[in-house]
Amino acid sequence: MANTANEKNFFADVCKNFDSAAQFTAHPEGLLTQIKACNSVYRFQFPIRRGNGFEVIDAWRVEHSQHMNPTKGGIRYSDMVNEDEVMALAALMTYKCAIVNVPFGGAKGGICINPKNYTIGELENITRRYTTELIKKNFIGPGIDVPAPDYGTGEREMSWIADTYMTMNPGQLDALGCVTGKPIALHGIRGRKEATGRGVAYAIRECVSVAEDMAKIGLKAGLGDKRVIVQGLGNVGYHSAKFLAEFGATIVGLCEFEGAIYNENGFNIDEVFAHRKLTGSILGFPGAVEFKNSMEGLEQPCDILVPAALENQLTVENIRNIKAKIIAEGANGPTTPEAEEIFTEMRGIIIPDMYCNAGGVTVSYFEWLKNLSHVAFGRMENRYAENSNRNLINTLESLTGKSIPAEHRLMIVKGASELELVNSGLEDTMIHSYHEIRETLLSKAGVKTLRTAAFVGSIDKIAVSYMNLGVWP
Ligand code: GLU
């Protein structure tokens, strides 16, 4: 993958996209400037003991906007993390939450380490110290700022954060709501891990379901005949591929650090995943054409490309070689504004990151609600619903004299589980938001891309919040 995160001005790119959209709104210049600004940037360093000596760790937490509280966003562990990147990602979180109507401001954290170079004990030390530094400055808390997983972090790191926070805030009733993406055993929520990828798949399914939009780019409606290339086999890429295949698409290409593989007949994602786990590489997978240069994998024939790794992957250098008609941004910021302009001229559609990968934060919101209410979704009503449904069926059967087949009975009677409720809330959110964005695209003269339309909707919502707060007259 292109390792260009440090060479680009990512925050400026986000602001550029913001400005392109702001011209289609009627808000005063000062308010737009306030929305765009990163309100709080906390940069800190701390030492950890390593080997016989010490190492100084660089870390950040950025709260982009407090128009809603708490602020929300993941924590990234990568040796490419820098202040500009964390600011850009925090800003994207603000717009993302607004699009999917999740009542949070945006934030992001980052620690400049390659987690592969540290032992589990060292990672635990780093995570706990990072959390302590956030507590000292009031940069974490269920009503202040709520981190989550991002690139290089997962459930393990979230449980260390939760444990450190609870230790430092004994007796705080809502303490578990200080972080999301926790394991189930620590009051996480079912479906959070796969939520971003599942959301990406819903977003794509929704986009390709509109026959008239597909006709414009020479495609048929539906996922059944779609060939997909996915970049990144991490949590987002893996689950995007898995659910897209489940919805009927064919995964023809996969790209990772070590190279890319392609097979026009399609891959079983779990087989490729198992092969990589065993051999340490996707290369060597039976029956696939291979590319040692991973970026070549993105340029192979397909209908949909899902960059689900890092920012700045699709640039003026390679965008003209992309065969896909649809780019669905599983990652944050994978396409530069210049590349998007060219791709739009090529009559391609980009499903923008701030909507496309918003499934993660949507389910984080559900987890936070679960933590604040101290009860799992469905726990109170599940059995009640089952009993009511059973009574209804029994009554119908006795009134009509007919009996309902056992498998139908089971389906009708069953109350919803936490996972079913989470997935249905996520699906509803992704469907609703897609059509909201598309509506703006169709109704605002001059708006040419889904990204600009998404920004317009988002800016409008944030502006209303500022006005309701009385911050703006
Ligand atoms: N890191 C994820 C994102 O970029 C999730 C954030 C969250 O759940 O708060 O959207």
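Don't overthink the numbers, they just go from 1 along the chain as shown.
A Cβ is built for glycine as well, from the same backbone N, Cα and C atoms used for every other residue.
The substrate binding site feature in TrEMBL is assigned to Lys72, Lys96, Ser364. The Cβ neighbour count for Ser364 (substrate binding site), using a 10 Å radius over every protein chain in view, is 28. A helical conformation is recorded for Ser364 (substrate binding site) in the three-state DSSP classification.
The feature active site, proton donor is assigned by TrEMBL to Lys108. Listed in sequence order, Arg61, Val62, His64, Gly73, Gly74, Ile75, Arg76, Val86, Met87, Leu89, Ala90, Met93, Asp150 are the same-chain residues at least 6 apart in sequence whose CB falls under 8 Å from the CB of Lys108 (active site, proton donor). DSSP classifies Lys108 (active site, proton donor) as strand under the three-state reduction.
The site 'Important for catalysis' annotation in TrEMBL covers Asp150. Under DSSP, Asp150 (site 'Important for catalysis') is assigned to coil, being neither helix nor strand in the three-state scheme.
In the structure as shown, the Cβ atom of Asn235 (NAD(+) binding site) sits within 10 Å of 22 other Cβ atoms. Asn235 (NAD(+) binding site) falls within a helix when secondary structure is assigned with DSSP. TrEMBL lists Thr196, Asn235 with the feature NAD(+) binding site.
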About how far apart, in whole Å, are the alpha carbons (Cα) of Thr196 (NAD(+) binding site) and Ser364 (substrate binding site)?
10
Scan Lys72, Lys108, Asn235 for recorded positions whose C-beta lands under 6 Å from an atom of ligand 1 and note them, or write none.
Lys72
So around the substrate site, Lys72, Lys96, Ser364 aside, which residues have their CB within 8 A of the centroid of those CB atoms?
Gly73, Met93, Cys97, Val102, Phe104, Gly106, Ala148, Ala358, Gly360, Val361, Thr362, Tyr365
DSSP-derived class (H/G/I helix, E/B strand, else coil) of Lys72 (substrate binding site):
strand
Would you mind pulling the DSSP three-state label for Lys96 (substrate binding site)?
helix
Give the sequence-ordered list of residues that share a chain with Lys96 (substrate binding site), lie 6 or more positions from it, and have CB atoms under 8 Å from its CB.
Val102, Gly106, Asp353, Met354, Tyr355, Asn357, Ala358, Val361
